[in-house]
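Feature annotations, reproduced from TrEMBL:
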- A:37-53: transmembrane segment (TRANSMEM)
- A:73-106: transmembrane segment (TRANSMEM)
- A:118-139: transmembrane segment (TRANSMEM)
- A:151-170: transmembrane segment (TRANSMEM)
- A:196-216: transmembrane segment (TRANSMEM)
- A:244-266: transmembrane segment (TRANSMEM)
- A:278-294: transmembrane segment (TRANSMEM)
- A:299-318: transmembrane segment (TRANSMEM)
- A:324-340: transmembrane segment (TRANSMEM)
Amino acid sequence: MSTHVPGEADRAAAPAPLRPGRTLPGWVRRIAAMNETWTFGVLVLLVAFFTAARPDTFLTRYDITQIATNAAIYLVLGVGMTFVIIVAGIDLSVGSVLVLSAVLSAEYTIHHGGAGSGWGTVAVSTLIALVTGVVWGGLQGWLVAKAKVPPLIVTLGGFGAALGLAQIITGGQDPTGAVSGELQHSIGFGKLFGQIPWLVVIAFATTVVFGLVLAFTRFGRYTYAIGSNPEAARRVGIDVDRHLVKIYALTGLLSGLGSVMWLAYFGTTSIAGHSSDNLKVITAVVLGGASLFGGRGSVLGTVIGVFIPAVLTTGLIIMDVQQYWQDVAIGIVLVAAVYLDQFRRRGRERG
Amino acid sequence: MTEPLLEARKVSKRYGQVHALQGADFTVRPGEVVALIGDNGAGKSTLVKTLSGTVRPDSGQILVAGVPVELGSPLDARRHGVETVYQDLALAPDLDAAANLHLGRELYRPGLLGRLGVLDRAAMRRSAVTAFAELGVDLRDVGVPVASLSGGQRQSVAVARAVAFANRIIFMDEPTAALGVVQRGRVLETIRRVRDRGVSVVLISHNMPEVLSVADRVEVLRLGRRVAVFEAAHTSVEELVGAMTGALDPVPAEPGPTGSGPAQSSRNGSDPTGSDPTGSDPTGSDPAAPGAAGQPSAPGKPARPTPGPEDGAL
Ligand SMILES: Nc1ncnc2c1ncn2[C@@H]1O[C@H](COP(=O)(O)OP(=O)(O)OP(=O)(O)O)[C@@H](O)[C@H]1O
Ligand SMILES: [Mg+2]
């Protein structure tokens, strides 16, 4: 994290050129050096393996749709988590914020027509979910940036508090009539052009927009800079604190969006069903090549990282393997991916 | 004698027990190269940070062109045309050289995209290539992360960044420490060229011959205070070292406090009792040297411990 102190060895040496290039052309080396390339390789291997094992059932259109739908909400959460992890933070609260947003929006729906309510209720309840996420996330960001409480602690607290609030509001039971039928039939089960589930479309749009923001805009560049060396960012005049607040607010916003997608698809708040969302999402982001020390990662990597567990799940089910093996497999893949990454990085970096 | 471009008056800064700056004065005149020297821990980097808006002094005054200013953030210093090469370089290792050069000063695409905050990476890369070429830095590829550059190359990136944007003053905190012979020569050459462009350069260095070869004036900091000012043309390495270590202080001192170890902080209070910064020269401890107390007025005329006839008056 800290800047690299110039090594003694460089002293009095002639200007050191970049290490002698291998014979490969630059773009090949650059692609090979990208984390996404390697993770994508793993994904391709998995798909190839399952396809070979069950050529007639795996990778049918039904499967692909199913995998994408299952991955959609994690993808949305993962996009936010990517920003947080690049900035050298962590957000353990995503699942609970999703639940709290879902519960607050459900409360509104219940009192404004319930399952039979119309688009007006849908609009307001959606807004409530998004605002809840932004406010909660922004508050956590403020605590991280201004109060200097470590993000692990802030969001661990947020994780418990948001879930607790959701349980207080609902008495611990998932309320009935939480979602408007309109929302469920359009966004939840509907398909764009009768082909692509709306859930997937929303996730895809979110991913593309924030992927572009991260890769091509000032906001993205500052995210990498702060994660890479916050002091350097401060010294060049970047408002580090404000940027951190924005980033945590963004994860909150996307958790809110995730809650709307969840409600639309499942029709219930599932208060008890999100306690491990955070770990799943962090796993995906790290699989995608992001560094928990900050400064590295990409939305594209996260997309791949989300699909590896999704493909594994579907593949193992198709192969009639007991489902719990999936967790074992993901654990191994995660540790192996990070190990390989460190290994390559040590070869690449000096000092 | 021209009016100082930048002036620090009685600047103090404490870090807990450590009194890093104890009423330090410092002067930069227009279009000069002034070296700021002092032993390890003398407070040079801290002084630079207060003058570049990174660290807020506890007390004291900073004047730009005679006007008192408040440097609340690095942006304030930037607005006054001040750029800094920090001792720790302050680069983002995961970003490439071009991105680091433009960090906080990004170029945007024209039109709507630019207004949406979309960066013009090609333009930044081009301007980075120009900046590095001007400095004679041999970067094969401005697109690789700074983390994978050599120490010297990183230092060159930091220097190039400051040179590219400064229009009044550049602070360089040991910019040549990690550089090879050729590269060091280029940086010194750059310093002269920048000076000829009318930009003042403050050079911090432990390399005395280097200091004497490039600087017009030398200001010496010891224990957080300015203790001497020299005209570089009329001084010698011995004199500089003497002023830095306190060896040339006129009044012979009682031995320094025993067991003070390597710490350079003065023992409590504002009196610089003589913990010898070098820890090697038993004669070097200084009493409350008259030079250190200094006539606070006359910014260009600080008290001098060694009234050697050969150092032209200031
Ligand atoms: N952030 C900090 N926190 C605590 N103490 C500090 C901090 N920065 C500097 N100091 C202390 O202030 C004193 C002066 O430090 P400074 O870095 O200004 O010295 P320097 O003259 O630049 O030394 P060097 O030649 O080694 O770079 C030292 O005793 C140092 O320990
Ligand atoms: Mg220093």
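Glycine is treated like the rest: Cβ placed from N, Cα and C.
Each of A:37-53, A:73-106, A:196-216, A:244-266, A:278-294 was scored by its Cβ pairs under 8 Å to the transmembrane segment (A:118-139), and the highest score goes to A:244-266. Tertiary neighbourhood of the transmembrane segment (A:73-106): same-chain residues 1, 125-126, 128-130, 132-133, 136-137, 140, 144, 151-152, 155-156, 158-163, 165-166, 169-170, 175, 178-179, 199, 202-203, 206-207, 210-211, 214, 223-224, 226-227, 230, 243-244, 247-248, 250-263, 265, 269-271, 274-278, 280-282, 284-286, 288, 290-299, 301-303, 305-306, 310, selected by CB-CB distance under 8 Å and a gap of 6+ residues from either end.
It is A:37-53 that, among the stretches A:37-53, A:151-170, A:244-266, forms the most Cβ pairs under 8 Å with the transmembrane segment (A:299-318).
If one looks beyond the transmembrane segment (A:151-170) by at least 6 residues along the same chain, the residues whose Cβ comes under 8 Å of a Cβ in the stretch are 84, 89-93, 95-97, 99-100, 102-104, 107, 136, 139-140, 143-144, 248, 269, 271, 274-275, 278. When Cβ-Cβ distances below 8 Å are used as the criterion, the transmembrane segment (A:244-266) is approached by residues 69, 72-73, 76-77, 79-81, 83-84, 87, 89, 91, 93-95, 97-99, 101-102, 105-106, 126, 129-138, 140-142, 144-146, 151, 178-179, 183-184, 186-189, 198-199, 202-203, 206, 210, 219, 223, 226 of the same chain, each at least six residues removed from its ends. Non-local neighbours of the transmembrane segment (A:196-216) in the same chain are 65, 68-69, 71-73, 75-76, 79-80, 82-83, 86, 186-190, 223, 250, 254, 257, 261, 264-265, 298-300, 303; each lies 6+ residues outside the stretch with a CB under 8 Å from one of its CB atoms.
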